[in-house]
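Undergrad: Feature list, courtesy of TrEMBL:
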type	residues	note
DOMAIN	A:18-238	domain 'MacB-like periplasmic core'
TRANSMEM	A:270-294	transmembrane segment
DOMAIN	A:274-394	domain 'ABC3 transporter permease C-terminal'
TRANSMEM	A:315-348	transmembrane segment
TRANSMEM	A:360-387	transmembrane segment
TRANSMEM	A:408-430	transmembrane segment
TRANSMEM	A:442-472	transmembrane segment
DOMAIN	A:492-692	domain 'MacB-like periplasmic core'
TRANSMEM	A:493-513	transmembrane segment
TRANSMEM	A:719-747	transmembrane segment
DOMAIN	A:726-841	domain 'ABC3 transporter permease C-terminal'
TRANSMEM	A:768-795	transmembrane segment
TRANSMEM	A:815-835	transmembrane segment
Amino acid sequence: MLRATLKSLLARKLRLVLSGLAVVLGVMFVSGAFVLTDTLGRSFDAVFSTAYSEVDVAVSAKPKVAVSEFEGEQVAANFPASTVDKIRSVPGVATATGVISADGARVIGTNGKVVTSFGPPQLGGNWTGDDELVELRSGRGPTRDDEIAVNATVAEAAKIKVGDRVGVLTLAPKREFTLVGVFGYSGGRDSLGGVQEVMFTEPVAQQLMLGEKGVYNSVVVRSADGVAATALRDDIARALGDQYVVKTGEQLSDEASAGLKEGLAFFNNILLGFAGVALFVGIFLILNTFSIIVAQRTRELALMRAVGGSRRQIIGAVLVEAVVIGLIAALLGLGAGVGVGALLAYVFGQFGGGLELAPIGVPVAAVVSAFVVGVLVTVVAATLPALRASRIPPIAAMQDVATPDRPLTRLTVAGAAVAAVGGALLALGLSGNAGDNTLWTILGGVLVSFVGVALLTPLISKPVVALLGRIFSWSVPGKLGRLNSGRNPRRTAITAAALMVGIALVTGVTVILNSAKSSLTALAEETIQAELVISGAQTGPRLPSFDPAVLDRAAALPGVRVVAGLYGDMAMVGGERTYVTATSDVSALRGIYKATPTSGSIDRIGPRQLLVDAKTARERGVAVGSTLLVQLTRGEQQTYTVTGIYAESDLFGGFVVPVEAARDFAVPQPNLGYLQLDPGTPVDRVLPQVEALLADSPEVSVADRASFIEQQTGQFDQLLLMIQVLLALAILIAVLGIVNTLALSVLERTRELGLLRAIGLGRGATMWMVTVEAVVISVFGALLGVAVGTGLGAAVVRALRDQGITNLVLPWSQAAVFLVLAALVGGIAAVLPAIRAARLNVLGAIAHE
Amino acid sequence: MTATVARDNQVAARANDVWKVYGSGEAQVMALRGVSVEFERSRFTAIMGPSGSGKSTLMHCLAGLDSVTRGQISIGDTTVTGLGDAGLTRLRRDKVGFIFQQFNLLPTLSARENILLPLAIAGRKPDPAWFDTVIDTVGLRDRLGHRPAQLSGGQQQRVACARALVARPEVIFADEPTGNLDSRAGAEVLNFLRNSVKEHDQTIVMVTHDPAAASYADRVVFLADGQVVTELTGPTPETVLDTMKRLDVLAEADV
């Protein structure tokens, strides 16, 4: 029995390759994700063990405001030089060096633009001389206050060389330095994992990177010979008390590496998302292929039954085929996955500023998951066809039973039930009653809804396909193609359903993002009352900022009525971590954000005074006159008094502190600037003047209100594009499905094609007939997808109404594009089957059984 | 119509020293060895012979479904040998009709649509009078709206016959048209074929191995081992059977 199965499997290589391809793609992304994570993980390990090779124990102070990765950067507290002395006096310490090393040293390149970093920090610190880790490549270390040295990665990115005057942005606005040295690291590295480093003299580093004189933010300790790092760590920790964090170099290396690996989980999820979509659509494809194969082999299977094969043996035969296909697909997918993982790791290394890659490895998890996923998906998809095969009566071997179309009633009832369950899950998820499982409930709801719609598709297909086909019925081959596509509603439906999934996802996301964009634009247009806005595009965890002096100079420009700069940071307010804002002109809040007071005054704010929106005030139970303890990133904790409460809006809310307090923010510079002009002042006249003021703040630019809103909402377009590319994969797999279905249909109708050719149907007309069938199926799938996707998208938008997404934007033009694309795609999918049909040997085809 | 043209038109299909060889080397099979035969217009000719005699191959070659190794085939005034796919398609569309053993109807089309399919493909309008005549001859008027699956085997084959007739081809080739039918349905179809020759001047070439079927023809051509051995005019089942029995002897004598 096994032998017979394998033989018949080999006889149909091509179609199995086609159906297996979806599994290959899915497995490829799964194993690619594992390979990427593994390779990058080991690369990070290597980088950090080098970076901390010269550190036995490191000391830093606890941050004043603990911040999570998604909220911004965590800034360790500064400590005085006396701490370094204290450490030096701990027995077992050979050397203790006070170090300044903080993120936020942005070098301006020779092109006038800030050198950006996508991930790795831009460290600024004090030059402590070259050692076994740091190797000077050219020049020397900085000795004067207007001198710096940079690592080779910075030098290359900024295109600067020793002797150049170089602008650097730090906590302070742009300052110019002379580049006196370029350095690298042991092993000939330009950078440690893409990190950019700028080295100043100690006092400059303290001032620019830490914002205080005579302080450090970490101490590097080398232990005396024979002293264990862990023991020394505990001794130092005991000597310093609990305001300090003391760790061994090894611990820091592990932690730093683990931190980055956590960041990798994001990439992993994207790849697994790809895989999930590919596999979900792949299930449709495999199900269809097996159904058709079983239908074609009715006689063969009936014969097996007639000569004594049991039902279980028939099921077994079909499932063994599935397992074999799954295994082969998994193997190919694993191979491709290693390739994809290696490629992505390489790309990551390049964009990550030259991360030195560890050798590509294939972790056991990649192999196991590849085979489990590949085989499981294939077998699950083949189960229904296998069951159907086992129900073929032995008598079918003797009769030329054209299996009559079974009524669709049961399928329809099942589809309606499944769709209802999916809808219910969606409703539960979107209503926000699912608690922590909201995301999974929604995802599950979407998946189950898809399955339900797919089950309903045969019923829908009859009238819709007939209607669609009318478009092509002006020619005889067109009419024949239309009739063919309506011939097997199940097959047409499942092929179209695969396409439906991809297009529905794209449409749904388009609806959501376009609605969000439109709502946000409307909100911004209504709320922001400023003719000009200064802002910059965020490229890392740190918001772009600019010199606060620009605000005053802009205010002095003729025609400018009000200027308000906005500062922001995380802070501890009343023991809770929250985002706080400061503005250079608090009275401007009323004009620019249309903020209205509900109690107290919001027109001015004095030292240690707070304004807060009404909603937060209610939640915190504070009123005008309440006092709260406020701890900013720098400085000491202080008591603030609430002096004003304003009505919250979707664009502005939270605590407002006086602008003087912004000095203690992580970034003590404004990141947004609003300019209101005198009535009648042309925007075009003021804009270039403000632009000129921003010459030394290359991270930001000034734009009129419309462009600013467009910039801010432009991220939706980028996101949309990214998701569309991702989902194009699902559509590609669906196209494979159409190719597969058509190829099998052509094979199945060989005799008919022979007859048509015999009675005078030309080759061109034969190809047209097949093409029409493909186009009808794919346009049907696209129509379904657009309908389902619009429904899903509209449901989500509705659910998000409370979040401020009030406008529902339906993607009419995109829908039209999808339909046209679907027609094209159908035509492309038809090419090979059509050629095959046209090339049939007429005589052989007529004699074909 | 001049006399010369009329004389040329006497022959609907002709094979001239046709050879057909399959395979090569040791596996070589000579299906036809120098067959020369003519099929007159308005006649019902049967081709008979035992299995492997080459009768089906001859018909396929005559109809342009298969190529010949050597020799020449013509249908009416068209030389079939050497035509490309487009030429063959046009030939099949305009000059040739087919009736197959396996009915070969399109399951998606109704009986009427199946019958009119060749005309539709060729982009021609059916002649309503002729269509009515054909429908009445095959006796399908009340079945025109049915799909093939709703028709009996005999009815399906009659639809196939009507389809071949409706385009008024130069010649209709029938390959074992009664092979899949019971004797009553078979007789109906054969009667109908004979009538369409007698009453409507059609030309039919039928391949069969059934002496009873052959006896409906005006003339029977006998093949054995790829060669024409003998022929009968005005056959009866008995004379056909008798000739079949002596075919081996005749073939030996011929060689």
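Quick reminder: no glycine exception, Cβ is built from N, Cα and C everywhere.
Help me picture where these features are in the structure shown.
TA: Each residue in the domain 'ABC3 transporter permease C-terminal' (A:274-394) has a pLDDT score, and their mean in this model is 82.
Tertiary proximity for the transmembrane segment (A:493-513) is limited to same-chain residues at least six positions away from its ends with a CB under 8 Å from its CB atoms, namely 277, 280-281, 284-285, 287-288, 291, 446, 450, 453-454, 457-458, 460-461, 716-717, 719-720, 723-724, 727-731, 733-735, 737-738, 741, 777-778, 780-782, 784-786, 788-790, 792-794, 796-797, 800, 805, 808-811, 814-815, 818, 822, 825.
Helix, strand and coil counts from DSSP across the domain 'ABC3 transporter permease C-terminal' (A:726-841) read 100 helix, 0 strand, 16 coil.
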Undergrad: Contact between the transmembrane segment (A:768-795) and the transmembrane segment (A:442-472) is defined here as three or more C-beta pairs under 8 Å separated by at least 6 residues; is that satisfied?
TA: yes
Undergrad: For the transmembrane segment (A:315-348), which partner among A:360-387, A:408-430, A:768-795 gives the most CB pairs under 8 Å?
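TA: The listed stretch sharing the most Cβ pairs with the transmembrane segment (A:315-348) is A:360-387.
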Undergrad: I'd like the per-state residue tally for the domain 'ABC3 transporter permease C-terminal' (A:274-394) from DSSP, helix first, then strand, then coil.
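TA: Counts, helix then strand then coil: 101 helix, 0 strand, 20 coil.
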Undergrad: Six or more residues beyond either end and a Cβ under 8 Å away: which residues meet both conditions relative to the transmembrane segment (A:719-747)?
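TA: Long-range Cβ neighbours of the transmembrane segment (A:719-747): 14-15, 18-19, 21-22, 25, 270, 273-274, 277-278, 280-282, 284-285, 288-289, 292-293, 296, 484, 488, 491-492, 495, 498-499, 501-503, 505-506, 509-510, 513-514, 753, 770, 773-774, 777-778, 781, 825-826, 828-830, 832-834, 836-837.
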Undergrad: Same chain only, please: residues at least 6 beyond the ends of the transmembrane segment (A:768-795) with a C-beta under 8 Å from a C-beta of the stretch. Say none if there are none.
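TA: Same-chain contacts beyond the flanks: 426-427, 430, 446, 449-450, 453, 457, 460-461, 464-465, 468-469, 472, 475, 477-478, 480-482, 484-485, 492, 495-512, 515, 734-735, 738, 741-742, 745-746, 756, 761, 808, 810-811, 815, 818-819, 821-823, 825-827, 829-830, 833-834, 837.
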Undergrad: Residues of the same chain, at least six outside the transmembrane segment (A:408-430), with any C-beta under 8 angstroms of its C-beta?
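TA: Answer is 437-439, 441-442, 444-459, 489-490, 792, 795-796, 798-799.
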